[in-house]
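*Asks:* Below are the features I grabbed from TrEMBL:
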- 1-16: signal peptide (SIGNAL)
- 24-441: domain 'Glycoside hydrolase family 9' (DOMAIN)
- 384-419: region 'Disordered' (REGION)
- 384-402: compositional bias 'Polar residues' (COMPBIAS)
- D419: active site (ACT_SITE)
- E428: active site (ACT_SITE)
Amino acid sequence: MIVTLLFLATAALINAESSTRYDYKEALRLSILFYDAQRSGRLPADNPIPWRGDSAVDDGDAGHDLSGGWYDAGDHVKFGLPMAWASWVLNYGLVAFPDAYEATGQTAMACDSVRWPLEYFLKCWIPSENKFYAQVGDGNSDHSFWGSPENMRMSRPASAVTTSCPGSDVAGKTVSALASGYLVFKDTCGDASFAADLLSAAESLYAFAKNNKGLYDDCMAAGDFYSSSSYQDELAAAAAWMAKATGESSYLSDARSFYPNGTAWGFNWNDDNVGAAVVLYDVTGEDFFKNDVVNFVSSYSSGRVQKTPCGLSYRDKWGPNRHAANAAFIATLAASLGLNANEANEYAQSQINYILGDNPLGISYEIGFGNYFPKKPHHRGSSCRMSDNSCSINDSGDNPNQLDGGMVGGPGDADDYSDDRDDYVHNEVAVDYNAGFQSALAGLIHFAITDSLPAAPAPGC
Ligand SMILES: *[C@@H]1O[C@H](CO)[C@@H](O)[C@H](O)[C@H]1NC(C)=O
Ligand SMILES: *[C@@H]1O[C@H](CO)[C@@H](O)[C@H](O)[C@H]1NC(C)=O
């Protein structure tokens, strides 16, 4: 009898969940599919996107295979900097909130998804030559083509950083991807041998990044698209992840030397600092790092960072949703470390709920979520059928292929939005856009299933 009662009591505890205003589990499931739609290379037999096939299978350089990885956004270049950022931010969601993926029945899908860029990064790094491939494809020729990736025929040059063309930014950011990937595959995704390969590559790539300092776009032609303003932030995050992954104190002292003091402007592909601060607070418990995390979250939640009239953090006209979602992810991490948890989670919900429908148009900016969402995202694979070689950006009607899970750039500063395919400022998707969004959803699901999510804040309008 006592045993039965205990069992019932435990079951009740396990089953208690905070109610959520939107179905975060469905939003998370869809977001994983977006990454599957961005896959380059030879697709596996279980590819879940019916409108995608093999593409760019010959990507490489002088016989060195560089196929695989993710297409960046609506285009088909493989840009190393945003891909690495998306990779480590998704990995962090799996490291911090594995129970959310489990509760959603998406652990296996997520493991397959985050493995894809990690396998590609292993191809990109040649330790014996101190050579790291940081891009495949040419931005200008790629952007002059509107068609599916399966039909593209332009040349796709590969470019690398080396000891004579250093890029501690892109190499450092990839270290964060590999080291966080090591933790994901050692634990949640259960592949010790792949995890060991990732850690070994992370160690040698870290040494390369640290010993060859420089901005990659000083000598690579990536700067027109993803110009890097500093490499200190990437080295700080890389050292932080290496410290978390290995427990070695030398990485911690490196991280301290690279990490700058202050409240970050944002968290995005060009600024790892607040992410580094979270990892370093997690590892050290020191106020120095805690203060930067707390101040970052409060700068966004308080409205010191501009909000639209209806409450979306509006950091930039270019893709405001991702800046808001990235800040929401940092807020859920802060909450998981006990830093003003309720306020942080209220802020995170306010942003994610806005993106999913708490806005004056009642639109979900995540494609496929609910009944009303963008139908014409700026995305070639979604816009063009594989069988159609005469596809144009100006074709009338909705995109023939629904890009489930993609989160578009977002509204203007007056909460205004229109669903225009040629509006790449507000209606493009990108691998870096969805990363903070997906990991923030994981964070909110974690708090919901542990019955510790505060009530959803009222919509701002
Ligand atoms: C960090 O910056 C703040 C504000 O400028 C300053 O008050 C503080 O002393 C700095 N801390 C360290 C450890 O440099
Ligand atoms: C699409 O239409 C715009 C004008 O609305 C025009 O400037 C552009 O050249 C067209 N693009 C193509 C590929 O037809």
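Cβ atoms are placed via backbone N, Cα and C, with glycine included.
Curation plays no part in TrEMBL annotations; they are all automatic predictions.
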*Asks:* For D419, E428, listed as active-site residues, tell me which one has the smallest number of other Cβ atoms within 10 Å.
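*Replies:* It is D419 that, of the active-site residues D419, E428, has the fewest other Cβ atoms within 10 Å.
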*Asks:* Do you know offhand how many angstrom separate E428 (active site) and D419 (active site) by C-alpha?
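*Replies:* Per the Cα atoms, E428 (active site) and D419 (active site) stand 10 Å apart.
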*Asks:* Is it possible to list how many residues within the compositional bias 'Polar residues' (384-402) are helical, extended or coil according to DSSP?
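*Replies:* DSSP classes over the compositional bias 'Polar residues' (384-402) add up to 0 helix, 0 strand, 19 coil.
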*Asks:* Could you say whether, by DSSP, E428 (active site) belongs to a helix, a strand or a coil region?
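*Replies:* In the DSSP reduction, E428 (active site) maps to strand.
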